[in-house]
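Heads up, the thing below is written out as structure tokens.
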Amino acid sequence: MGIYYSVFLIVIDFIGLFGNVAFVLLTVLFKQFRKSRCAFLMGIVSFCDVFMEVFIIIISIMSLSGQEFSQHACFHTLSLPIFLNCVEAGLMLSISFDRLTAIALPMWYQQDVHPKLFLFLSFVPGMFFGSIVIYTGVYYLEPDAMLPLCNVPASMNSITYTLWNKISLGINASLIIVYVLACLILWRKARETSSNYIKTQITVMKTIICIVAFYIITCVLPDLLINRV
């Protein structure tokens, strides 16, 4: 089971790595991606994911080669990827509300917003989530034990794992609800008008839904569907 899990993680992370590197390059090379709030945040998510996936691939390869980790050492080793995982989840939630606002309140959305304030507000949920997870992981230490595999769920103590798992599930459920609501509003508005703004939002929404699905498959499911090994 452990070997199959490591191979599964490596394959999934390589797929995610390819897609995220491509999106980071698009964000860096094309100005229109950096000017769009939504695309810029997606670029940041992809950058964080690239770092996290490289880290997980290395740890998985070490596990396959026979390297053993204690739970405490595993958590400390993965603390930065765990924090980035939480930041990503928060950013994805911020992006969903950005899309909902763009569709439901277009006049308000198109007003100038200070970029630094926008970035700060977008990062707050994920950084708060990540800080809580890392704090509980360090504070509520359980007796150390050797792990068959070092991965994100296995590195956490029971309190931290429960907290991380439930909040992550809550965030992903919220993503689905917000995007469904945004799609319903967009569908209603598209029936009433065929303005260029609505057409643009339809195109953006299709792209975002594909990216969110890719994010859930390559980043969320490996950790949430497969329990602690």
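Glycine is no exception: its Cβ is also placed from the backbone N, Cα and C atoms.
Per TrEMBL, the features are as follows:
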TRANSMEM  6-28  transmembrane segment
DOMAIN    19-229  domain 'G-protein coupled receptors family 1 profile'
TRANSMEM  40-62  transmembrane segment
TRANSMEM  82-105  transmembrane segment
TRANSMEM  117-141  transmembrane segment
TRANSMEM  161-187  transmembrane segment
TRANSMEM  208-226  transmembrane segment
Considering the transmembrane segment (82-105), which listed stretch of 6-28, 40-62, 117-141, 161-187 counts the most C-beta pairs under 8 Å: 117-141
The domain 'G-protein coupled receptors family 1 profile' (19-229) [mean pLDDT, rounded to integer]: 84
